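To start, the structure itself, in structure tokens.
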Amino acid sequence: MSVTTPSEVDHDDTPAGREEPGSRPPTVSRRRRRLRPYTLAVPAVLLCVGILYPFFVGVSYTVFNFSAANPNPAFVGLRNFAEITTSAPFWNSVRVTGSFAVTATVVETVLGVGVALLLYRGGILGKVLERALIVPLMVAPILAAIMWKLLLLPEVGWVRPLLAGLGVTDYTGTDSPLWAFIWSVVVDAWIYTPFVAIIALAGLRSLPASPFEAAAVDGAGWWFTFRRLTLPMLWPYVFVAVIFRLMDSLKMFDIIFGLTTGGPGDSTTTLQINAYLESISYARYSRGITYMVVLWAAVYLISMVLVGYLRRLQNRTAGEAT
Amino acid sequence: MSTEHAGPEVRRKSRIAGTAANAALIVYFLFSLLPIVFIIALSLKADRDQTTTYLWFAPTLDNYRTVLGLDGGGSSYVRFFLASLTTSVGAVLVSLVIGVPAAYAAARYRFKGSDNLMFTLLSFRFAPELLVIIPLAVIYRQLGLYDTAVGMIWVLQLVTMPLVVWILRSFFADFPVELEEAALLDGYSRRRAFVKVVLPLVRPGIAAVCLLAFIFAWNNFIFPFTLTSSSAQTVTVSSLAYLGGNQVRFNLVAAGAVMAALPPLVLALFIQRYLVRGLSFGAVKG
């Protein structure tokens, strides 16, 4: 088992995989052979074009005032960007999106690594529970949101009586802004903690045994071993999960839409929810897509930084190993 | 890590730690399975039991009958379920036909734009969906693809294609080149070597990728929610629709949700071995 970034699965180290004259049947011409990878990739490229076309059409909407009410749009330059960046709803959804993504990612990472460490200990209980780990991850997020919505409903759900048993009497479900946010994070964590745990568990199982044996011989304590050995060696694996979780929760739609529809008020209105309301509900396409272009740019920049960090992390780990 | 040379004091401590660890695991899994148990219980409740009971009630399958239209009341649930099936299977097939050659090319050859292609595909996975949906909602109406299975299969490529190509590339990259070269030396053409040697050996991996792609296509909500209205509407969208309306029957919502959640859960049983690689797009090899 090993962690590799995509482009690290590079072809430099497998020269045998490349075209070598002489080992080919003579029936295929040299030119055709050189073109072969392109021929194989053509359908995928066409597909990309087919998807990038609406993307560029969408980006072009940002400089028009296109809406259902205004089907013959006029060029407005960067006015859409100027308008949203000076509007309170935009900054509110930036704040909500950011705090949701960061909170959910942190909670899931800590919890996921914790669950992985507990399952790694093995035992009958661990083996049985590991089987059940992926259940929430395979449930559609929208269905998970529906399940939790019902679970949280004071009339039919079990959360009110459970909390009442713990002495909580002023339970309001998702009616208050703070709790709407908290429950959204809980549902996200319910689904995706197993995602982090599964990857962390695979990482734990692939760590070399010798450093731990050496630490045990030296009489190192559990905490020392964890801080100085397990965590640094596991981090490249966990970080892959962190990237996935952060990127995904920045654009999370299903859970929040299903659970709160962005409410109460605009307390859980993320950028995607806001773009949905603007463009699908009110048919103001240009306005909605401007939100999305901003989110996309942010996601893109953040992912560049994170993937760059992952590369350095893996190079360092690889360097230490040799 | 080892307690072989430890005294009785240390051993007692580690036993307490073990109990605490088990307790923590049990608490987590109670949290993890609570909504599942709850929704199944709710789906088995008669109307009068919904708000008055927790776990002790006389279970009934009436809700499932109603949702499926078996009680003669009429229902479009089966139609939505089949639409989910058609669009998900269609999306996986298209991704497979287009993705297998591309993944193989990216794993075996070094060609101009190979990395660009791979990262463009990956960026589809991480782009906010509405960025594509908003223009597509306009374009689909012009082309007559709005609310059609073809339109859904097309847009679901954003979900299935990156998954298929990235994971398959990691499978092909791991495949020993020597085996292929041996076949070539035996006079096989590239294509025959691929079909006769490579494909049979990576088939379990391909099957797992298909199942995983199917699960994610099935579980998708935002595309069918925004780009279909009735004839191509999928079961995830209709589940939410049951919550709307004036008189919500929670037990019916629950029965619909249970059935919609079932296919991915069943399929997931078959891909345990490939789950780590699949979920991480080949970045972590489990």
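Quick reminder: no glycine exception, Cβ is built from N, Cα and C everywhere.
Annotated features, as they stand in TrEMBL:
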{"type": "COMPBIAS", "residues": "A:8-22", "note": "compositional bias 'Basic and acidic residues'"}
{"type": "DOMAIN", "residues": "A:94-306", "note": "domain 'ABC transmembrane type-1'"}
{"type": "REGION", "residues": "A:1-31", "note": "region 'Disordered'"}
{"type": "TRANSMEM", "residues": "A:40-64", "note": "transmembrane segment"}
{"type": "TRANSMEM", "residues": "A:100-120", "note": "transmembrane segment"}
{"type": "TRANSMEM", "residues": "A:132-151", "note": "transmembrane segment"}
{"type": "TRANSMEM", "residues": "A:178-204", "note": "transmembrane segment"}
{"type": "TRANSMEM", "residues": "A:229-247", "note": "transmembrane segment"}
{"type": "TRANSMEM", "residues": "A:289-310", "note": "transmembrane segment"}
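By the Cβ criterion (under 8 Å, sequence separation of 6 or more), the transmembrane segment (A:40-64) is in contact with the transmembrane segment (A:289-310), since 3+ such pairs are found. Stretch with the most C-beta contacts under 8 angstroms to the transmembrane segment (A:100-120), considering only A:132-151, A:178-204, A:229-247, A:289-310: A:178-204. For the transmembrane segment (A:132-151), the most Cβ-contacting stretch among A:178-204, A:229-247, A:289-310 is A:178-204 (pairs under 8 Å).
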